[in-house]
Structures are given as C-alpha cells and as structure tokens.
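To start, the structure under review is shown below, and the notes come after it.
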Amino acid sequence: MAIVGLGTDIVEIERITAHVARSGDKLAKRVLTEAEFDIYQQHSQPSRYLAKRFAAKEAAAKALGTGIGRGVSFQHIHIGNTPDGAPTIDFTQGAQQRLALLNGVVGHISIADEKSYAIATVILESR
C-alpha cells in the first residue's frame with residue numbers, strides 16, 4: 001500500500017461556538033450527515049463535536065486533493081467511531097469517486113482537541 005493523500009486541518013472551537021450562537025444549527029446541517037447531526041443534537045458539548053467533525057472533513061477533502069467543492073461536499077464524508085471510540089472515516093458519492101481516481105481504498109483519521117482547538121489528520125492509502 002502507498003499513501004495517496006494527506007490532509008490536516010485545525011479549527012478554533014470558539015469560532016464554531018460563535019457561529020452556532022449567531023445562526024443556530026445552520027452550519028451543523030451543512031457539515032454533518034444525518035447520523036452525525038443526530039449525535040450533535042444529543043452531545044453534551046455540541047460546538048466541540050461540530051468543530052472536530054468540521055476539521056476532520058476539511059482534512060479529508062485536502063487529502064482527496066479537492067477541498068470542499070469541486071465535486072466533494074461535507075455530506076460525502078462521514079466521521080464515525082468504533083465501539084472503542086476510535087474515529088473512522090467513510091466516503092460516499094463525490095468523495096468516493098475522487099478516492100477511486102487516486103486508487104485509494106482506505107482512509108485513516110486522527111482527531112484531537114484541547115481547550116481552544118480541534119485538529120484532524122487524514123491519510124489515504126492505495127491498493
């Protein structure tokens with residue numbers, strides 16, 4: 001296997017908190033898949049959850065080489081968790097098509113947060 005994509009993103013959590021205070025769930029509905037949005041609504045720290053998902057999806061889009069847009073939307077990238085809590089990443093639609101163009105077969109993701117920031121790194125591997 002070879003690395004075919006690498007992306008990292010960092011988000012200031014307070015920016016997300018301020019956006020949610022101003023616009024309600026508008027950003028969350030744009031960024032999160034339906035399943036992620038359900039978790040967001042029940043989360044004890046929804047802005048922190050949203051910031052981590054935002055960073056993860058931006059990192060994934062960078063790893064794909066497109067950024068958000070150009071055929072890849074936030075909705076095409078789903079961030080989940082294993083039963084042990086480790087983050088997982090799944091691609092659909094435009095993101096899956098772009099991954100296939102790179103001969104990618106799997107994405108690895110790491111997400112971290114500390115007080116003011118959320119950060120994510122995505123590595124894409126080929127066959």
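Indices start at 1 and increase along the chain as displayed.
Quick reminder: no glycine exception, Cβ is built from N, Cα and C everywhere.
Positions annotated as Mg(2+) binding site by Swiss-Prot: ASP9, GLU58.
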Residues near GLU58 (Mg(2+) binding site) in space but at least six apart in sequence (CB under 8 A): GLY7, ASP9, VAL11, GLY67, ILE68, ALA120
Helix, strand or coil at ASP9 (Mg(2+) binding site) [DSSP, three-state]: strand
